[in-house]
Amino acid sequence: MTKIYDAANWSKHEDDFTQMFYNQNVKQFWLPEEIALNGDLLTWKYLGKNEQDTYMKVLAGLTLLDTEQGNTGMPIVAEHVDGHQRKAVLNFMAMMENAVHAKSYSNIFMTLAPTETINEVFEWVKQNKYLQKKAQMIVGLYKAIQKDDEISLFKAMVASVYLESFLFYSGFYYPLYFYGQGKLMQSGEIINLILRDEAIHGVYVGLLAQEIYNKQTEEKKAELREFAIDLLNQLYENELEYTEDLYDQVGLSHDVKKFIRYNANKALMNLGFDPYFEEEDINPIVLNGLNTKTKSHDFFSMKGNGYKKATVEPLKDDDFYFEDEKEQI
């Protein structure tokens, strides 16, 4: 039988939220070249050897995860999701992961470090067993998706939400730690822009996962929740070791582990599950770095949150009131 091909009809909503996510993704689109990084050089020269080493490695680890999410994760999930608009949003997000986020880290490297050091840190990525393990676990679930199988797709979506809303944050911690102290500010602006993107990526894929989950029997729901918690624990145990490997030399492992647990709970909430870890106080310096309200900076030195594109507006809780959005439509 000849296959009938249909076109994407953007004049008709596929659901209550996808076009809103499309609009938000487009509104906050940015490019690495829009952020000048030379202003970080003076601070960088005064950092200790261990501080520079940890900073380079956390960004290299983030680069690997963004590369795999852009090249493998989002495209595979998009392939198995129904709906042209949903596929478009996922593919837009995939583009941001590698072409924008990963490239941004390379721009930071090229500004702060010589070629030899950059090559060494990318070799470290291939050799670090904890980093490789989490990449293997996540990518393995992407590649395990079976055609017309919602359960394997749900599991891959859980992995995607964990990557975007949980695993990235051991790497985000250190740039935010400096940013919250007013150091390495240009690099910190890039991290805040990436955080803004990852926030909506995690929420969107989480909503798609919840659709699948909510269609299941109570017995199947229990099984899927058990899978999600088991995967969380496996990733968490590996993340603890990864954190010690990176942050022991700068004395911040204890703080980073709190931040990891905080974001693991956020990832679970994106999936519609209750928090798993107890609530803890997060380092106020890092929370200050996470404050994405508009900052007053010189127009020509920074883009980030202090630079106003005509079409960009900061992400707010109101952006996720889907019922209100539907009524307006």
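Glycine is no exception: its Cβ is also placed from the backbone N, Cα and C atoms.
E97 is the residue from E97, E116, E120 that Swiss-Prot records in the Fe cation 2 site together with E164, E198, H201. Binding of Fe cation 1 is attributed by Swiss-Prot to E97, H101, and the same site annotation extends, among D66, D82, to D66. Distance between Cα atoms for H101 (Fe cation 1 binding site) and E198 (Fe cation 2 binding site): 10 Å, as a whole number. E164 (Fe cation 2 binding site) sits 9 Å from D66 (Fe cation 1 binding site), taking the C-alpha atoms as the reference points.
Recorded residues E198 (Fe cation 2 binding site) and E97 (Fe cation 1 binding site) have their alpha carbons 9 Å apart, per Cα-Cα distance. Taking the binding-site residues H101, H201 in turn, the residue surrounded by the fewest other Cβ atoms inside 10 Å of its Cβ turns out to be H101. In the structure shown, across all protein chains, E164 is the one of the binding-site residues D66, E97, E164, E198 with the greatest number of other Cβ atoms within 10 Å. Every protein chain shown contributes to the tally, and the Cβ of Y105 (active site) ends up with 25 other Cβ atoms within 10 Å.
Report note: the Fe cation 2 site is defined by E97, E164, E198, H201, and the residues of the same chain whose CB lies within 8 Å of the CB centroid of those residues, excluding them, are D66, Q69, M93, M96, H101, L163, S165, F168, D197, G202.
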